[in-house]
Amino acid sequence: MPARNAIRLLLVVVAEGALWSPPAAAQPLSRYEFAEKHMGVDVQLTLYAATETTANDAARRAFRRIAELERVFSDYDPDSEAMRLCRLAQPNEFQPVSDDLFTVLSAAQDLAQRSNGAFDVTIGPVVKLWRRARRRQELPEAAVLAEARALVGYRQIRLDPSTRSVSLARTGLQLDFGGIAKGYAAQEAVAALKAAGCSSALVAVAGDIVAGDPPPDAPGWKVGVASANRADAPPFRWLCLANAAVSTSGDAFQHVVIDGVRYSHIVDPRTGLGLTRLCGATVISGNGMTADSLATAAILLGPREGARLIQETPGAAALIVCDSEGRMSAQTVGDFARWEWPE
């Protein structure tokens, strides 16, 4: 699954009141920011803590949790748990997996069914072909693409909740969690920060953002949504997030033009081809895993079916922006207005 770039989520963490003055018995909270690279992207932490020591300890725990999850889900690391499962699993034999892998696979399979296969973590073989195609500026060979597509299909995964184990129907399957794992990592990082005593926090794993409690003296974390068709555009919507997640997915800035056709980095599991339409979706949900995967699915389904899927998901809302005959059109789905920054 792809990284997200199109409707650019601009992290502008504006806390109205950077220092809180609570009753005298409590220490004031100060704002701290941290950044590291994990999962191939920049990860930003913003949190409030009473002391620098508390903030540093909380940040270490959050980054450590993200690093743990990278060792579970990475498709670049041959020794990640997901890649070992693909390499070592015997057809139709159930293998026990970690709670993290089972949790994310369960959510992925549920969304695969709800989206009629538009979201599918078995897309790995095709995604790797398109990575090579973008580097070489040439389409995958038809025969090679057909061979890779034959390995794609979410129904080839079976889960046993009673033993938290996984069965793959055949050898050669390759899992790609790029459309769900970063959102899960962001939500787990926020949980780690809360466990360390920093409940007022926000984590951004590239375009997947999860907010904890709001900053002191602010209704929420202020996050800007910029235009889908200009890399330098200022935000045209401002969100107010507290104990919620937002993810963006789209194809405005990552694509390749081959033989005059513009192909997105987002690959449709049902066709094996990169998307050719310009579209982006920003999805808000109660947790990062849902927001991340819904944003990916909405882009793959298109605005009409994507909106339907989001409407059927409790608590989800979205802003979908698409190019219609050279003009960008936007539609909101669900109670998106609830999350907009108050005037």
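Note that Cβ sites are derived from N, Cα and C of the backbone, with glycine treated the same way.
Automated prediction, rather than curation, is the source of TrEMBL annotations.
Since we're looking at a predicted model, the values are computed, not measured.
Among the candidates G179, G197, G207, G212, the residue that TrEMBL names alongside D292, T296 for the Mg(2+) site is G179. According to DSSP, G179 (Mg(2+) binding site) sits in a coil region rather than a helix or strand.
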